[in-house]
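Record features (TrEMBL):
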type: TRANSMEM; residues: 53-71; note: transmembrane segment
type: TRANSMEM; residues: 83-105; note: transmembrane segment
type: TRANSMEM; residues: 117-139; note: transmembrane segment
type: TRANSMEM; residues: 145-162; note: transmembrane segment
type: TRANSMEM; residues: 169-187; note: transmembrane segment
type: TRANSMEM; residues: 193-214; note: transmembrane segment
type: TRANSMEM; residues: 234-257; note: transmembrane segment
type: TRANSMEM; residues: 269-289; note: transmembrane segment
type: TRANSMEM; residues: 296-317; note: transmembrane segment
type: TRANSMEM; residues: 323-341; note: transmembrane segment
Amino acid sequence: MSGKFGLGNYSSRKHISISVPSSTEVMSPHIKSVEELRVLGINLNSFNTPTQFFICVAGVFLFYLIYGYLQELIFSVEGFKPFGWYLTLVQFGFYSLFGLVELQLTQDKRRRIPCKTYMIIAFLTVGTMGLSNTSLGYLNYPTQVIFKCCKLIPVMIGGVFIQGKRYNVADVSAALCMSLGLIWFTLADSKIAPNFNVTGVILISLALCADAAIGNVQEKAMKLHNGTNSEMVLYSYSIGFVYILMGLLSVGGLGPAVSFCSQHPVTTYGYAFLFSLMGYFGISFVLALIKLYGALVAVTVTTGRKAMTIVLSFLFFSKPFTFQYVWGGLLVVFGIFLNVYSKNKDKMKLPSLAELRKRVLSGRKVRLLSQDV
């Protein structure tokens, strides 16, 4: 509803128009001021921007590195590989419980993001995590991680179509470098450890598509409605839990999984609890990165984390090795650098080609003069 309040004399009929947004406009009524952004009890607003970024990156690396180790450890249990969807169900159940506890500890318990949006986010979350977990039954862990790292380009494409974003040449070059490096890594892996399966490739590719969309949808929803991290986790994962439960019941996959895990409770439910706890802590920092810096920066950080996960996977779990892994990894690192540079051009001023040529020529002149002396 809009109203106008007139000021001034009646002869000139001058007035000041004040528009009040109507209830049908797409705007959250909760966006009144910048509220505190807390992650695991840490008020990030009390820190400056570089410290906020450092805290978020440190949290992502710490918790997700442990998460990746536990994930590979669970799938190393003999006979567990067919039950990736059940692991995702247990994971979503723990996430919902953790989110409910965290939401109860906050003063503001309102749900700000519409249920329709949460149903979409939950569907995408089920796709990216469920298909990713299930793909480990068909692919080795480093190959799965490599495929997941390739989501930078889909995220950029999703940013263009979902949020109308435009990316510069440096961002596009970064995405290309990362993808080429990861492809190189994958080809090397296929040569020395041909453990590929078409089903696994299809599953992880579909997970990438869902993962590419979810960051942009979360970013748009959290900025539009000013939703909190705990709210996002609680509603998206609890709705996703219902989706997976209905799916497992419909295909009869719940009984065998429960029977197997009941025979190995420590190595399944025990590891799954720690695995979910680390993932919950990690997703809290990822959501903070999305809210503060956007989906592309969050994906860049998580891509770097995945590269570190691959290194640790080779250290803790015996696998064949080739130096092509190193060259592919270096190309990925260069892509990450390009992306960081594109976001901080003012602070990271690199010399142009003309300046480099000038410096080289001046250096030659200095050497010639020193030889003449």
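Residue numbering: from 1, along the chain as shown.
Placed from the backbone N, Cα and C atoms, the Cβ positions cover glycine too.
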The transmembrane segment (234-257) and the transmembrane segment (117-139): do they have three or more Cβ pairs under 8 Å, with pairs 6 or more apart in sequence? yes
Outside the transmembrane segment (83-105), at least 6 residues beyond either end, the same-chain residues with a Cβ under 8 Å of its Cβ set are 74-75, 126, 129-130, 133-137, 228, 230-231, 233-235, 237-238, 240-241, 244-245, 247-248, 253-254, 256-258, 260-261, 269, 272-273, 275-277, 279-280, 283
For the transmembrane segment (53-71), which partner among 169-187, 234-257, 269-289, 296-317 gives the most CB pairs under 8 Å? 269-289
Criterion met for the transmembrane segment (169-187) and the transmembrane segment (269-289) (at least three Cβ pairs under 8 Å): no
